[in-house]
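Reading through the structure tokens given below for one structure.
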Amino acid sequence: MSYSSMPFPIATISITRIRSVPTNSICRRGRAMEANTSNQRKLAGLRRQDKKRGYKQPWSLHLMVLPAVLLVLIFNYVPMTGLLIAFQDYKPKLGFIHSPWVGLKHFQDMMANDYFLKILWNTVLFACSKIVLNLAVPFVFALLLNEVRIMGLKRSIQTFVYLPHFLSWVTLSGILIDLLGQTGIVNQLLTSVFGIKPIFFLGDGTWFRITIITSDVWKEFGFNTIIFLAALSSINPALYEASEVDGASRWKQTMNITVPSLLPIVIVVATLAMGNVLNANFDQVFNLYSPMIYQQGDIIDTFVYREGLLSGQFSFATAVGFFKSAISLAMIVISYRIAYKFAGSAANAGLVTLWPKGLTFDAYAKTFRNVHFLKSLGISVQRTLIGTALGMLVNSLAAYALSKNSRVFRARNAYLWYFVVTMLFTGGLIPNYILILKLHLINNLMALILPGMVAVYNIILLLNFFQSVPKELEEAAFIDGAGYWRSFFSVYLPISLPSLATVSLFTMVGHWNAYFDGLIYMKDASKLPLASFMQTIIVQADMSKFDPAAIVGLSQRTLRASQIFIGALPILLVYPFLQRFFVKGIVIGAVKE
């Protein structure tokens, strides 16, 4: 059968059309197809060249991340190897290699120790109570603050409730010791107004627990409110407008629109907080507890400090710290998985007056004449300035490099996990102390700066802000011949003021308020930073660093009060200027990874 006799007319038409096409037309089409194929090959070759060039260009990005990588390696990953001493009978003279292995002996002793079970219960009780209240109180406060319509009043309230977050626990502990003491203002009011006998807030186990939990909530609830205020700002105003048309009151709008809209973020925050069930805030407990309430107030971290650094039981203390880190890591992994799922779906007798009676500045004058105080003040200033400058440089460089997508910077995800792991797991107090000892950094200012120079949380804030910068700005800089370094300094930094101010504030406050590293790394009292010096005076009540003749006529409370104010003064002076930036900086730099 010939094609022409087939019953399908389309076949005949097709054959006819093919037969009617001239030979030269077919040749032209063939050459055009060949040319098109050749162009595609050239384009593919250019893409391969661009890809190869892309592999070469990120070496500058690798260089930007390198300082942070090295610091994390030395001060985070190397101490993790020190966890081996949990399985040894570690002797400092023998070192890691020659110390005898004992296997799980220290863990067995830990579980058989009745006191360890008590401090484990104290830790869980403190941590869980703080998690619940630090979620509920900020949630309710955010709802109330959202109803304030006078913006000036609203901002003033925000400023005052955020401020306690930036004060150190050394400063706040000094205030609480004075307020809650047997002769403090609180007990004076309870006795004179209500006829209640003085309460031993910091000496009675039950009241100590209540004080620890409530003071932590008071300090942190204002700052935690930022998360819910950010979520409130994302609610569609059209929902409220529609409810007003339907005659809904403010109460009904809150219960039917605001609260349901905030539930997803509440669930996510609550789930993520599960990872902190064994983190009861060492700084707070360490500065407020005393031997008389160890049974009700001791926690894992303070126990590790006493057993490891004070008693010299390095292996046992490391085993306890390893236990805590392992449980915390498991809880964090579980909570992040659950959070990811939910996030996808959703005045006594007139003695107390406003203006002090018998106002005098003698305590301030004598404090500033104290040589030890002035030396510690100078060390804190050096630490804060040097640490903030170096930390901002290292963290911002790393954040800029990691803000590039994985197509441009292939090693980006590997670097991210490299840093994030240090947020989930640490070597612990004892291995870190041994590392500083081996590096001969004891009594060296760098021991206070280098270990905490890389702050992964700050890198994440800056990273997400850099990702929000329009890519066209950097592309225009590349067209003008700029490289990654020029783009970072000339394009990104000038327009990153909110996030840079936020991270700078966090870094400065962290260095100024840090006290514990000074206590353990500075064996020479003349090299203590101000926060460590204040801790010995305010909390430990060690007045040996003052000349007795210089402080005659002044009570310890007066001296403590003057030093508390002086220690908090720099934060009070800097905070108002940077406060307007950090809320915006946190919201813009919210974690999106």
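Keep in mind that glycine also has a Cβ here, set from the backbone N, Cα and C atoms.
A quick note: this is a predicted structure, and the numbers were derived from the prediction, not measured.
What TrEMBL annotates here:
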- 120-335: domain 'ABC transmembrane type-1' (DOMAIN)
- 377-575: domain 'ABC transmembrane type-1' (DOMAIN)
- 61-87: transmembrane segment (TRANSMEM)
- 119-145: transmembrane segment (TRANSMEM)
- 221-240: transmembrane segment (TRANSMEM)
- 261-282: transmembrane segment (TRANSMEM)
- 314-334: transmembrane segment (TRANSMEM)
- 346-365: transmembrane segment (TRANSMEM)
- 385-403: transmembrane segment (TRANSMEM)
- 415-436: transmembrane segment (TRANSMEM)
- 442-466: transmembrane segment (TRANSMEM)
- 487-509: transmembrane segment (TRANSMEM)
- 561-578: transmembrane segment (TRANSMEM)
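Ranked by Cβ pairs under 8 Å to the transmembrane segment (261-282), the stretches 61-87, 119-145, 221-240 are led by 119-145. Long-range contacts of the transmembrane segment (221-240) within the same chain: residues 133-135, 137-139, 141-143, 145-146, 158, 160-165, 253, 257-258, 261-262, 265, 269, 583, 586-587, 590, each at least 6 residues beyond the stretch ends and with a Cβ under 8 Å from a Cβ of the stretch. Here the transmembrane segment (119-145) has Cβ contacts under 8 Å with residues 154, 157-158, 161, 209, 212-213, 216-217, 220-222, 224-225, 227-229, 232, 254, 258-259, 262, 266, 269-270, 273-274, 276-281, 285, 296-301, 303 of the same chain, all six or more residues outside its ends. For the transmembrane segment (314-334), the list of distant contacts is 82-83, 85-90, 92, 102, 106-107, 109-110, 116, 274-279, 300-301, 303-305, 307-308, 424-426, 428-431, 434: same-chain residues at least six beyond its ends, Cβ to Cβ under 8 Å. Distant neighbours of the transmembrane segment (61-87): 96, 99, 101-104, 106-107, 314-315, 318-319, 321-322, 394-395, 397-398, 400-402, 404, 409, 411, 415, 418-419, 422, 425-428, 430-432, 434-435, 450-454, 459, 484-485, 488; these residues of the same chain sit at least 6 beyond its ends, with a Cβ under 8 Å from one of its Cβ atoms.
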